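Colleague: Below: one structure in structure tokens.
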Amino acid sequence: MKPSIVLYKSIPADLHQRLEQHFTVNSFEGLSSDNQPELLSALQQAEGLIGSGGKIDQAFLERAPKLRAASTISVGYDNFDVDALSQRGIALMHTPTVLTETVADTMMALVLSSARRVVELAERVKAGEWQDSIGDDWFGVDVHHKTIGILGMGRIGMALAQRAHFGFSMPVLYTSRRPHEAAEKRFGARRCSLDTLLAEVDFLCITLPMTEQTYHMIGPEQLAKMKSSAILINAGRGPVVDEQALIAALQDGTIHAAGLDVFAQEPLPVESPLLKLPNVVAVPHIGSATHETRYNMAACAVDNLIAALTGTVTENCVNPQVLQQA
């Protein structure tokens, strides 16, 4: 008899068939109260869980007594209580490698669109404001040869540094607990303190995950140390930046502009002051949102779950210590 799993996000048909080759698949659209009775019944027998979003905490896990593995179709896993999973011996799988290049593309797009005011000026053209030769009130700022600072020199940070260094001749600064030899050798990246980085960079690019240590890592004190011409880019997690402090800094000219793919609350409320600021490019958490990458993420998550439930995991496990307990 095949193990039972719960799938709570639509995936391409061929990937669904791959799951069905190994498991009895109970499919749901999200983890909501709309499907609560059927979902609760399926969870009682489920050995595997695959999807994205939703809060997977202690209370949820108590409804899934047979669960052995959870596979998220994402690199981030801050919606999972990792400690609770680990205590129950449940492996948590994620997709850290397949979205690297696409997220780096998104970050570079935010750098360019914020610096050159692409979104704002496109809207002005559509509104009929382009009536003559443009003046300096339509001008942006250069990207090439400007200094980029990267908070989070992991896979995505490295891919962003590659684009900045080779594509735009940008000096690269970064902060980390340990030197990143590959970044320094390939891109001439310079490791420095956060204060030094904030003071020197023209573009502050954040790729950090949300943890207790990174929560509001960039607040009013840090923003005040930046150049008034600096642009902040966040494609990590929204709460890494104190959003109210950022709004104030953008309103009073402490910094020049921001390109944001992530927010404190998502979806971003329509009444957010960020949406009223012309110096903000706000996009709806599209970091990995291409057809190709989202397919690859789902495929990776499927393979991850199969590996976790067949004892063949070699990578992508958030809490690998539970594999040794099995």
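We count from 1, first residue shown onward.
From the backbone N, Cα and C atoms, a Cβ is placed for every residue, glycine too.
Dumping what Swiss-Prot says about this protein:
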- ARG237: active site (ACT_SITE)
- GLU266: active site (ACT_SITE)
- HIS285: active site, proton donor (ACT_SITE)
Colleague: Let me check the 10 A CB neighbour count of the residue listed as 'active site, proton donor'. How many other CB atoms are there?
Modeller: 17
Colleague: Non-local Cβ contacts of GLU266 (active site) (under 8 Å, 6 or more apart, same chain)?
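Modeller: Sequence-distant Cβ neighbours: GLY238, PRO284, HIS285.
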Colleague: How many neighbouring Cβ atoms, not counting its own, are there within 10 Å of the Cβ of ARG237 (active site)?
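Modeller: Within a 10 Å radius of the Cβ of ARG237 (active site) lie 22 other Cβ atoms.
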